[in-house]
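A.B. asks: Pasting a structure below so you can have a look.
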Protein chains: 2
Amino acid sequence: MSVTAPLGFIAAGVAAGLKSTGARDVALVQNLGPDFSGAAVFTSNRAKANPILWSQQVVGDGIVSAIVLNSGGANCYTGTFGFQTSHLTAEAVADGLGISAGDVLVCSTGLIGVGGQDFRDRVIAGVRDAIPALSADNGHEAALAIMTTDSKPKEAVVAGDGWSIGGMAKGAGMLAPGLATMLVVITTDAKLTSAQLDAALRSATRVTFDRLDSDGCMSTNDQVTLMASGATGIVPDLDDFAQKLGEICDSLAAQLQADAEGASHEISIEVVHAATEDDAVEVGRSVARNNLFKAAVFGNDPNWGRVLAAVGTTKAEFDPYAIDVSMNGVRVCRSGEPDAPSESVDLTPRQTHVLIDLKVGEATATIRTNDLTHDYVHENSAYSS
Amino acid sequence: MSVTAPLGFIAAGVAAGLKSTGARDVALVQNLGPDFSGAAVFTSNRAKANPILWSQQVVGDGIVSAIVLNSGGANCYTGTFGFQTSHLTAEAVADGLGISAGDVLVCSTGLIGVGGQDFRDRVIAGVRDAIPALSADNGHEAALAIMTTDSKPKEAVVAGDGWSIGGMAKGAGMLAPGLATMLVVITTDAKLTSAQLDAALRSATRVTFDRLDSDGCMSTNDQVTLMASGATGIVPDLDDFAQKLGEICDSLAAQLQADAEGASHEISIEVVHAATEDDAVEVGRSVARNNLFKAAVFGNDPNWGRVLAAVGTTKAEFDPYAIDVSMNGVRVCRSGEPDAPSESVDLTPRQTHVLIDLKVGEATATIRTNDLTHDYVHENSAYSS
């Protein structure tokens, strides 16, 4: 179901030969209206892929009729030819659906530098195959078609008061701030303006996808899109909508974290009593990006010294010698000195919780990351991606 | 030889039981004068180990008579007891040598959180054993005693015009900006004031140790110390001294890079035509810290897309679509588009050169790093360090 759970959306996922495996690699989602409100957030990487450059133009007027996504090639650093490919892809969707190409978002994911004539031909052929396959039953096929090194599709549905939100996501590595190597499509049949969608989406991504930092690497192709059909005719309570949207983003972010390349632990780094939320995020992210800490978690070693060494590199407000650190509920460092012995911490469960108490203020934030494993190195050295 | 190559220095390296292997773990270097000029640079990590806090006080007056270093425990996050241990260690040196404790630098390296009574007892016993072993012949033993996961000692000697400079270093992981997990001791028998030493040392470390970023992790215990005995009575040409000091720092930094934990490639990331040197450093460091790029090099995969994705996360001045990237002499990306095929790049040699041409200005910088390997993950997950 996922993106087709809300009324007014149809989808398809087809195989266009972009993936060498022959798996589905082109996804199409159409909004049938009556509203065509849309909003999107994009990677903050300055090296933006051609589909990002295209989509940023499209979403400017807040009207989105369809979104087409491909795996098997990022169409990034492929020059003006690559930008024309994104444009032609949107045109192919528009021609087939009788809509304007200026209302068609484009997303690509895969290897940077892939986006030549062969890529273009296959994507456009895939669009032509996808159009007749569009159906309210094919949301799952669309979720399958956007997978790259994902081991499973990511989907979620949340019910509101007479309306619903559905979403799909892909992403397995390069998960970092300002989004991740993620493509996310979220749909709703509630009645909302594009400005309302934009505000709700930015608010939700800020505390979900933006706080997932699997490997510190920021993608060139990230895009999180929210589309509203208004098909239920129901204008939702905005706070209620924001909460439900937050839930679906949180679910998809957790699915991305759980399927991160090669990971054997899902680590939640909770920073409490920070002076500001920005401080809490900076501290959490610094620990999330510390390879020595991440390798220690892989080895089930509660090496709190590596946590504090990472905290010490930040500009956040704190006294380095007043901090407490707990791991999976055991306080291993109290006021900057050893507390419970390392042997009392069990890091064997996949779910790992690190609590850092800065003892300064009242702000808090949680950053999600993964451990650094042999499988991560293997997946990212043995194959180009 | 190393630190005892210049006239006026004696050293020792003894085994005090801090290392479970029974290897040497306490080093002592004494300056016999007639001058006792000294300068040091310290980790910029806000979480500073107790020996750092001690040594920062000692070096304030520019007079350094001796330096004592231990492996087998970082004495970091060990509270006031740990600071007292650093103080008592300096006192033990001072008592034995008939000098002032306020002129004795202390360095420690090893696991954070280690620094209790047993640690204190062994370090001080080690100092007492080291004092009678001090000799101009024992520089190599001192270099052995500061090793942690290093596979070999790092030593270098450079001859000046009637004077010389000698140095030793340790460091194998946690090599990052604002120094690294490195302890470095450099000696000279030239005649220089502490202010001259300080200026020369900051200038040399800025473009050598500070540009070595093995794994993005910054240590709590880094210290690079320079001591001058003036034993030759020769006042060197300052530019000549600065150049020779740069040579020795460069040699030691290269030795640290070559022995980085688990590395299979030494990667030099050269950024050219940047608007400013700071821009060049920021770009180089961003690439040096990109796990996906580092894993690709381990796999001998010239994945230039990961280079550009990393460049795109910086604030440096450049047009993301004008950049050239070459790997080992082959231009794989020209003006942001694919150039020579990846197959034409040979990444099998340990020495790997990445050239990034920003095409903006005239500034340049080279950052040294290593690849991300299975052995790195193994060394940092299987053992606490």
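Note: Cβ is positioned from N, Cα and C throughout, glycine not excepted.
All annotation found in TrEMBL is predicted automatically rather than curated by experts.
Features from TrEMBL:
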BINDING   A:Thr148, A:Lys170, A:Thr181, A:Glu261, A:Asn380, A:Ser385  substrate binding site
ACT_SITE  A:Thr181  active site, nucleophile
A.B. asks: In which DSSP state, out of helix, strand and coil, do we find A:Thr148 (substrate binding site)?
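C.D. replies: Reduced to three states, the DSSP call for A:Thr148 (substrate binding site) is coil.
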A.B. asks: Would you list the binding-site residues among A:Thr148, A:Lys170, A:Glu261, A:Asn380 that come within less than 8 Å, Cβ to Cβ, of chain B, in the order they occur in the sequence, writing 'none' if nothing qualifies?
C.D. replies: A:Asn380
A.B. asks: Have a look around A:Asn380 (substrate binding site) and count the other CB atoms within 10 A of its CB, chains all included.
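C.D. replies: Result for A:Asn380 (substrate binding site): 29 neighbouring Cβ atoms inside 10 Å.
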A.B. asks: Within 10 angstroms of the C-beta of A:Lys170 (substrate binding site), what count of other C-beta atoms is obtained when all protein chains are considered?
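C.D. replies: Its Cβ has 28 other Cβ atoms within 10 Å.
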A.B. asks: How many neighbouring Cβ atoms, not counting its own, are there within 10 Å of the Cβ of A:Glu261 (substrate binding site)?
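C.D. replies: A count of 27.
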A.B. asks: Inside 10 Å of the Cβ of A:Thr148 (substrate binding site), count up the other Cβ atoms and send me the figure.
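C.D. replies: That number is 21.
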A.B. asks: Three-state secondary structure of A:Lys170 (substrate binding site) from DSSP?
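C.D. replies: DSSP assigns A:Lys170 (substrate binding site) to strand.
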